[in-house]
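*Asks:* What TrEMBL records for this protein is below:
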type	residues	note
DOMAIN	1-125	domain 'EamA'
DOMAIN	137-279	domain 'EamA'
TRANSMEM	20-40	transmembrane segment
TRANSMEM	52-73	transmembrane segment
TRANSMEM	79-101	transmembrane segment
TRANSMEM	108-128	transmembrane segment
TRANSMEM	134-152	transmembrane segment
TRANSMEM	173-194	transmembrane segment
TRANSMEM	206-226	transmembrane segment
TRANSMEM	238-258	transmembrane segment
TRANSMEM	264-284	transmembrane segment
Amino acid sequence: MIWGSSFIFIKIGVRELHPTWVAAGRIVIGALTLLALLLIAGQRLPGDRRLWGHMLLPGVVGVALPFTLFAYGEERVDSLVAGIWNATTALWVLPFAVLVFRTEKFTARAAAGLLLGFAGVLIVLGFWHDAGASSLSGQLMCGAAAACYGVSIPYLKRFVTGRDFGGTRPSGVSLAFVQTAVAALASVLAALLISGMPPAVTDLSWPVIGSVVALGVFGSGIAFALNMRVITAAGASTAAYVTYLVPVVATLLGILVLGESLHWNQPVGALIVLLGVAVAQGALSRRR
């Protein structure tokens, strides 16, 4: 529910804010939320240099970049379309987990699932008709954002989660805080370079302010802490299962709250993507 609702908040946020500041704002608020959770739980701030070093890639590629790409994408496409594209995350996790980070094994059935899933991607794109340059670029940005998650999730499982740093094993909240803190620095610097200073809060409407705060507290704070726990306990592939529900929630909220329209190829393509994911992930087994 948290991940799926994020897309309507992004859509509202880009009405008055540059996409880079929608991303930076939510990440900064998310980092502060996770810091508060750490302090409430009485946990120390992670200080191990190796941990912070390992979080450079997940922070930039797994948070700052995809959040920015989704915000740019939603300037061009509906929020429900972005939510549907998020469902391709699990398709990207598999090849990176197998070929790059060696955390999963690959089989012929997994390959068939990938091919089926990417056929669904083409249907979501509506490749048989001219969708317009703006719509196409927006969809490609959302697809690239999902691919970023596909890199970050297996990286975290391979190098970060379940490992000791400085003699202790960081909690899910600690790991999520370090990841978002790195992302916050990167996203703020990028926003300043790309779009300059943000507008004053007093110049923004309450719906936009509320959307960015909700994105930060829930979509970038609490959700990241929960996701890190899942990666630690169950692995990269299982963590990607959340994408099964995201397009359903995003589509319902996009239609009911924002009055967006759904074209037949979008849910059909999304179902084929999810079917491909189910086939591929059903064929996975852990390396011993």
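Numbers run from 1 along the shown chain.
In case you wondered, yes, glycine gets a Cβ from its N, Cα and C as well.
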*Asks:* In terms of Cβ proximity under 8 Å, which residues at least six beyond the ends of the transmembrane segment (206-226) contact it?
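*Replies:* For the transmembrane segment (206-226), the far contacts come to 2-3, 5-6, 8-10, 12-13, 15-17, 22, 25-34, 37, 63, 67, 172-173, 176, 179-180.
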*Asks:* Checking distant contacts: for the transmembrane segment (20-40), what same-chain residues at least six beyond its ends satisfy Cβ-Cβ under 8 A?
*Replies:* 10, 13-14, 63-64, 67-68, 70-71, 173-174, 176-177, 180-181, 183-184, 187-188, 190-191, 194-195, 198, 212-213, 215-217, 219-222, 224-225
*Asks:* With pairs closer than 6 in sequence left out, are the transmembrane segment (52-73) and the transmembrane segment (108-128) joined by 3 or more CB pairs under 8 Å?
*Replies:* no
*Asks:* Tally of helix, strand and coil residues over the domain 'EamA' (1-125) according to DSSP?
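*Replies:* DSSP composition of the domain 'EamA' (1-125): 96 helix, 1 strand, 28 coil.
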*Asks:* Summarise the domain 'EamA' (137-279) as counts of helix, strand and coil residues per DSSP.
*Replies:* 116 helix, 2 strand, 25 coil
*Asks:* Can you name the far-off residues of the same chain, 6+ from the ends of the transmembrane segment (79-101), with a Cβ under 8 Å from a Cβ of it?
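*Replies:* Sequence-distant neighbours of the transmembrane segment (79-101): 3-4, 7-8, 10-11, 70, 73, 110, 113-114, 117-118, 121, 124, 138-139, 142-143, 145-147, 149-151, 153-155, 157-159, 236-237, 240-241, 243-244, 246-247, 249-251, 253-255, 258, 260, 262, 266-267, 269-270, 273-274, 276-277, 280-281, 284.
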